[in-house]
Amino acid sequence: MAGAQPGVHALQLKPVCVSDSLKKGTKFVKWDDDSTIVTPIILRTDPQGFFFYWTDQNKETELLDLSLVKDARCGKHAKAPKDPKLRELLDVGNIGHLEQRMITVVYGPDLVNISHLNLVAFQEEVAKEWTNEVFSLATNLLAQNMSRDAFLEKAYTKLKLQVTPEGRIPLKNIYRLFSADRKRVETALEACSLPSSRNDSIPQEDFTPDVYRVFLNNLCPRPEIDNIFSEFGAKSKPYLTVDQMMDFINLKQRDPRLNEILYPPLKQEQVQVLIEKYEPNSSLAKKGQMSVDGFMRYLSGEENGVVSPEKLDLNEDMSQPLSHYFINSSHNTYLTAGQLAGNSSVEMYRQVLLSGCRCVELDCWKGRTAEEEPVITHGFTMTTEISFKEVIEAIAECAFKTSPFPILLSFENHVDSPKQQAKMAEYCRLIFGDALLMEPLEKYPLESGVPLPSPMDLMYKILVKNKKKSHKSSEGSGKKKLSEQASNTYSDSSSVFEPSSPGAGEADTESDDDDDDDDCKKSSMDEGTAGSEAMATEEMSNLVNYIQPVKFESFEISKKRNKSFEMSSFVETKGLEQLTKSPVEFVEYNKMQLSRIYPKGTRVDSSNYMPQLFWNAGCQMVALNFQTVDLAMQINMGMYEYNGKSGYRLKPEFMRRPDKHFDPFTEGIVDGIVANTLSVKIISGQFLSDKKVGTYVEVDMFGLPVDTRRKAFKTKTSQGNAVNPVWEEEPIVFKKVVLPSLACLRIAAYEEGGKFIGHRILPVQAIRPGYHYICLRNERNQPLTLPAVFVYIEVKDYVPDTYADVIEALSNPIRYVNLMEQRAKQLAALTLEDEEEVKKEADPGETSSEAPSETRTTPAENGVNHTASLAPKPPSQAPHSQPAPGSVKAPAKTEDLIQSVLTEVEAQTIEELKQQKSFVKLQKKHYKEMKDLVKRHHKKTTELIKEHTTKYNEIQNDYLRRRAALEKSAKKDSKKKSEPSSPDHGSSAIEQDLAALDAEMTQKLIDLKDKQQQQLLNLRQEQYYSEKYQKREHIKLLIQKLTDVAEECQNNQLKKLKEICEKEKKELKKKMDKKRQEKITEAKSKDKSQMEEEKTEMIRSYIQEVVQYIKRLEEAQSKRQEKLVEKHNEIRQQILDEKPKLQTELEQEYQDKFKRLPLEILEFVQEAMKGKISEDSNHGSAPPSLASDAAKVNLKSPSSEEIERENPGREFDTPL
């Protein structure tokens, strides 16, 4: 996948797979330098690959977390015992070469503080197998980015491995692991029917994975997940159906930025597979139902990581020039602490390279021993020296263990001995071998204009950056320079231990140290010692090809030279100065050439500047002090964690394309870059601290200056709860992230006193939206097992506020309409509009006469004119007698009781549907689009006319200048003519020249007119094509919108009809009951016996009558509904019928326009030319001869028939 191309990425990362031999265990001998005792052990790895563990003869178990392992070495690279007795003990039996059976496992919390586990195998093959397997497990990218469920399983595995000799789990280990709240642990154990005394232990079989899960649910209850579960459909039922689960995944968890064709939403069968995987109740799973327990498991499962595994994999295009990548770079790689004192270490080169760094620095100085071996140290400081040769060996050993892409060696060469420089070159050639790139590649010669080769072209290659010997200088001057530097640099051997300045750090190899002013002194302090670099010898020069350091002069000079193999280094202060003064030029420079930024010399504590500053300018090698894990280094680790941890990250497109210019200080949206909107809601935390303290979470954003927001959000501090604090606060919204591909989100947790707990740095482009666990990491970017933050993230393409209403209306038209109506009512209540409306209705005549007309005449080119029948009528034009859309009219009372309760329901007409706000909103949007289109073309036309006016003036001025010269010559000739000796043939020649000049001028005007006419014609045709295409699309959208509005309104009307039917039945019963009461009242006037008989008869007949009337009413209601549905269908068909009609009208309109266009353009050009020539004649700037020739310019205009003949079959409906 080195040359990954855009599209669906095929995941190349392999999940953790532990071989059987590692699971079963193997016998080894463990030894330590500090002791002469060797210990036979059985070494194993758990099936999930979480831990390395071993048991000795006393059956005591020790663990080593594989996430702490940095490297595994065997053979000559493994650590060898120094003590001869120890070596003898280890080589018992002489089974095979001891060196080939030795293994060293390197582990530690960071790059500096490392430890070694030294082992000896009994067979060479076993040593190789274990070395390869352990290194593979330790560097597995999926293992470093496990799901929440996997981290909880890791904690469980640790408890299961740390057992007593009897195979029982001590409860003290559980209390130690979950130490934040002892009382909670005790209660959770009791809930699982387990003993709770700290001194007790439990059998392994009693603490199964299911029991462990129940224990966690009691220890850390999750009410917030219950709320999400019920909110998404499980209110009345204790489960989610497969459809509800599908909606949850597709609506909440899916990234809306993804292409739906390449990354389609999940289907039912795919969701069913997930349910079967995570739902513990098999009977529910078979029915496609998911309980809250299964839902919790899904949220913490591997499918629901906050970053897609594809982003961790090598997924970027690695075939572009080297200058198109950010390259993970180290400064003063050999240092383990500060810049002035402390140890230098060969091991730092191994650790830095293993961590993914691809550019390391070597500060080389002349060795002062008898062997004359060059050394690496920080000059003029009290840091220790290390062997240059050992460093080269270390680089060769670890160069390509974690990444196959090229290594760049940045030499700061102070070795003023030609002999020692020759040694350095020889070591590089011999130790690196074929990996050292000695000659440029055939496809990429060192020539101006040729780009750098790609990381893919340079795979498994080592490139040297060192001063290149100048062939212009003589050999003698070179020797003189070397001798001068020798006397200056090492005049006294003790000078190495005397710091020359507080800023004794690196300097750029191109710094100018000849100036003496204050600015240069400050610059020198920042830049450090590299100004005194030695002259490169022939041997070292021969190693340099694609990375030739040169003194930076200016961006203009670099652009003129156009040599991609030349690069410059900038101390951070100089780099910041260039970034501030010339940001766009800096970005342009970095498209073609490499630049290296390094910390200023005054950072004696090895602190770091923020690398984001220079990534924003496209700087490739932003070198940091890897030994200092501050925020800047954490951001750097977060950056290079992705793309297969290859050490290379492809720069954003605008920082690579030569046809685009990018300003890192931009505050607006960049054309061609889709900005994002990001919303983060911190919901809760789990096991954040091992102490009973309050906790809080902070959110930061880093990116372009406009995107960066430090401490953008902070939750409230939880009160003494670090186990399961719930915040449920309002989300923090990053409304506009201008450059998402270079922005990252940082979520960090702290204890109430401000003590750092853990954090996670996530690239905005890689973040998955939805409900996710953020598994925290420590400041060294190593994963923490238990601490996590549960969040809800929304990420989408940014929509400016101008279009927010349109997007809202499109995404949820009903809610939008309701919201608009609600706002209108609220405003009316505040502005007393209701009373005004009442007054207007009381005197309609006055209103109609006084109210100003607000009706706008739609412009001819506005995109709505072509749909005149779709245009809504303004409210002021609507007659007052017209009922509201979907209103119900009550007819006059009749004797028929059914008709008296039956109300008439009218279907909404097309005109009424067009009054709907969502439809009107779309029309306004289309109007704006057409207005913008016409405006753009008008601007082009204006520019073209200006261009032709300028050309006309040029022709005219040239003509006048030449005519004046001829007339002047004619005057001289006339003077000569008056002399007797002058011949008479001169005047006739001048008249011929003037006539020729006039003819030439006329022809130029004709050519100019023809050209102008053709260009204007092309431009206007292009405009008409655009208009026609836009209008055609608008018709489609408007018809679709009107259809949708009709369906929505009609569905609402049918729902409302059901309510009306129920009301009518109640009204009918009410009226019939009233009649019955009247009859009963009449019967009361009769005698008692007759009254009882009539009352009984009335009740019987009343029941029959009610049944009959209800039946008749239902029949009438049914017929009414059928008529309404029929009318609805008719209206929808009318809407659909409008589409071809409008399209036909549009076609005809533009056929007519295209036919008229050539004549219109011709007339326009002729009038313009006439006017111009006439104006010039009035001002005396055009001679009569030229003005008289104006008629020659007016050519005959072609007829429409001629145009058709010249353009047979010409179609004017082709979209742009």
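Note: Cβ is positioned from N, Cα and C throughout, glycine not excepted.
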Subject >> phosphoserine: annotated position in Swiss-Prot, out of S403, S454, S582 >> reply: S582
Original post:
Here are some residues: S558, S987, S1118. Which is flagged as phosphoserine in Swiss-Prot?
Top reply: S987
Subject >> phosphoserine per Swiss-Prot (candidates: S876, S1174, S1199) >> reply: S1199
Original post:
If you check Swiss-Prot, which of S308, S1197 turns up marked as phosphoserine?
Top reply: S1197
Subject >> Feature S-palmitoyl cysteine, as given in Swiss-Prot - residue among C17, C192, C398, C775 >> reply: C17
Original post:
Cα-Cα separation of S236 (phosphoserine) and S417 (phosphoserine), in Å?
Top reply: 85
**OP:** Round to a whole number and give the Cα-to-Cα distance in Å for the pair S582 (phosphoserine) and H331 (active site).
**Re:** 25
**OP:** Determine how many residues of the domain 'C2' (656-786) DSSP places in helix, in strand and in coil.
**Re:** 6 helix, 61 strand, 64 coil
**OP:** Determine the Cβ neighbour count for S236 (phosphoserine): the number of other Cβ atoms within 10 Å of its Cβ.
**Re:** 6
**OP:** Give the three-state DSSP assignment (helix, strand or coil) for S582 (phosphoserine).
**Re:** coil
Original post:
Just how many other Cβ atoms lie inside 10 Å of the Cβ on S417 (phosphoserine)?
Top reply: 18
**OP:** Would you identify the secondary structure of H378 (active site) according to DSSP, in three states?
**Re:** coil
Subject >> H331 (active site) versus recorded positions C17, H378, S417 - nearest by Cα >> reply: H378
